[in-house]
Structures are given as C-alpha cells and as structure tokens.
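Everything below concerns the one structure shown next.
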Amino acid sequence: MKRPTLFVVLLILLPAVVLAQEPIYNPDVPEVFPVWHRVADFSPALRSVESARISPDGRVAVSVSKFGPRVMVWRVADGTLLWEQEQNAEIECIAFAPDGKRFVTGDEDFLVKIWDTKTGKVLKQIEVDSGLDGITWSYDGKLIAAGSEKGEVLFWNADTFANAGALKVGSTVNSLDFTRDDKLLAVAGNIQTPDPQTKKVQYGGFVRLIDVQKKQVLRTYEGATGSVKSVRVSADGKLIASGGFDNVARVHDLKTGKLLQSFPEPLKLEAVALTSDGNFLVTGGHQRKFTFYRLRDGQKVFEQPSPRTEYLDFSADGRLLLTAHEDSGLLSLYLMQSNLSHQPPGFYQQLEKKYLRNKDLKAEK
C-alpha cells in the first residue's frame, strides 16, 4: 500500500498546527488539569515508564516501560488500553511517524522496531550494536534518528529502512529533536572520561546541533557539567532547551549559541519540554513534581505534584501534556486549559467565525 504523501500528512495535521498558533492560553500562569492516570509498568518490584508520546492527531498515546518491559498503546480520550506487547528487555524511547500510523522504539536488546499503531504488529526490526536511549522521526517522515550508548547518532531512511549514516558526538546520546524544517537535529548526552589515577569515570554533558544532510556538528552549547538527559527545540526554531544531571535546565539561542536563561533545581532533571506558544519551559526529574517556568522573565509560575518524572510530551496542538514517571510506573495525561480573559473583547467571536461552520455565523450575501 502506498504511504500518504507529505502533502496529505500536512493536511491531516493542519488543524492542530493552526490551533497551536492561536493565543488561547493564559500567558502568565498555565492552567493545568489532570485528565487521567494509568499504571503502565506492572513489575512486582521497581517500576518505571521510560518514555511516552502522543500521536500527531492527538488520538492515541504510546508508553514504553523498564522493569516490566512492555509497549502499551492507549486511547487518549479516556485512557483505555488498546493493546500491549511484552518485550525481552527495557524499552528506552519511542517516536511517532508524522501520519501516526507507525511508531518506532529503541531498546536495550539492541533493536530498533517499527510498529503498526493500530494492530501492534512489528513491521520492521533493525539490529544495532548498542542500547538506544533516544529516538525521533523527522517531520517530513523521511528519516529516523536514534542516539546510541556508544555516543553515535544513527540515521535510517524511514521508507526503505536503509542505513542513512552515523555521526559520533559523545559517549552516550540520550535525547534528540529535529527542527521543524528537518535541516537540523539537536542532540544531548554525556561524555565519559576515566580518571587515570582513581579509574573512576567522570561524566560531563553536551548539547550539540547537527547539520542533518552533511552529518556534521555545527555548534556546541556550553554550560552543562553533568549528563544531559533531554533536549527540545522550540516550535519557531529560535530556542533550544536542555536539562540533566547537573540539576540545571538551560535555554540557549539556537542560532548563536548564547545562553539566555538558566533554571537551577535541587535534584537531577530527566525531562524538559516547551509549550507550543513559546511562553513556558517545563521541567521534570527527581523532584516529586514537574515545574513550569515563564520564559519572558524566568519566573517559576506553576508546580504539579507527581512521582519522579522521566518524560514530558505535548500534543501537536499544545492542548495536552503526557507525563511518564519513575518509581511508580505511572502514566499521566493533563489538559492545558484555555483562557481568553487576557484577549481583547470580540476575540472569542473571531475564533467562532474562523473555526465553526454554523450557518448562522456565515456572512450574509
């Protein structure tokens, strides 16, 4: 069966993208409401959900777990488990194809797997030579990129699954994120340096920007002194956010490399995310809460109690936030409540005319 063209995929996702650009949220303080919580790791001892993602159309979510290794697919609307597949080893990472019909996982069994989202069938399996800690799918659907525990960024053609190159960038690559035009790839991880006297390994961190076509490092973002666990590029491509085991989240100017803001926290960070409107940075980690920082002034404006956080993922329209948690095996979904009180009179009516198809809203002839 012929796969949907990029044009068709963009048409499907256009409403979500347009909505994400509307100023419908409170720009001062996020209004976050829990929708549901589900157990997504059923190990009898320790439990951890390593990663979780919402499909591009916002209808389903996938979680991958560590101690009771499973791939689980959920209906977003009510948290119903649609299917699950037990695995041999810990699954570390997951990413959706742009059309949402497939997703890819990376695991500690040295395997990349392409899945059918609806049926749970493994469509393709690729062997690699190390565990994988991060994985992503390009916005145009043409490339899959993964970060290995040997410090390489690995690329595959997403149609043929042929090897599309590799680039050594450190000791371990923990996280990756494409810019929206797919020309650049942000990567983050650690550099391990053995002490010649004590033989102990010293862990440093890195955040780098890669030219995808040339497979070259264009820029390294300074500041991290510990392993960097998460990196995200803003929707407008201007900012790059990161966080890790030096307990600091950082926001750099993507183009110049300038450090714009730092957000120190008392414990290690595992995840960062940026809201689609560009107003907030979200951080999560070993604290039993995740935190929203307002980017225009660097103020901490909201904290949500939770188990230790492993992963944060916003839906394409910015309306939903999916969180994956360590020490509980919990998967949680939150709603970002809209609030138009900051908008001028008549703004709501403008949106009505723009998005509704009611006959009484049509202009008179």
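Glycine too: its Cβ is placed from the backbone N, Cα and C atoms.
Per-residue confidence over the domain 'Anaphase-promoting complex subunit 4-like WD40' (72-138) averages 97 (mean pLDDT, predicted model). Here TrEMBL flags 72-138 as domain 'Anaphase-promoting complex subunit 4-like WD40'.
Outside the repeat 'WD' (84-125) by six or more residues, the chain places 3-4, 6, 8-9, 12-13, 50-53, 55-57, 59-60, 62-67, 69-73, 131-141, 144, 146, 156, 158, 161 with a CB less than 8 A from a CB of the stretch. Here TrEMBL flags 84-125 (among others) as repeat 'WD'.
According to TrEMBL, the feature repeat 'WD' maps to 221-262 (among others). With a cut-off of 8 Å between Cβ atoms, the residues of this chain six or more beyond the repeat 'WD' (221-262) that come close are 20, 172, 174-181, 184, 186-190, 203-209, 268-274, 276, 278, 281, 283, 285, 293, 295, 298, 311-312.
Among the features that TrEMBL reports, signal peptide is placed at 1-20.
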Summarise the repeat 'WD' (84-125) by DSSP state, stating how many residues are helix, strand and coil. 0 helix, 25 strand, 17 coil
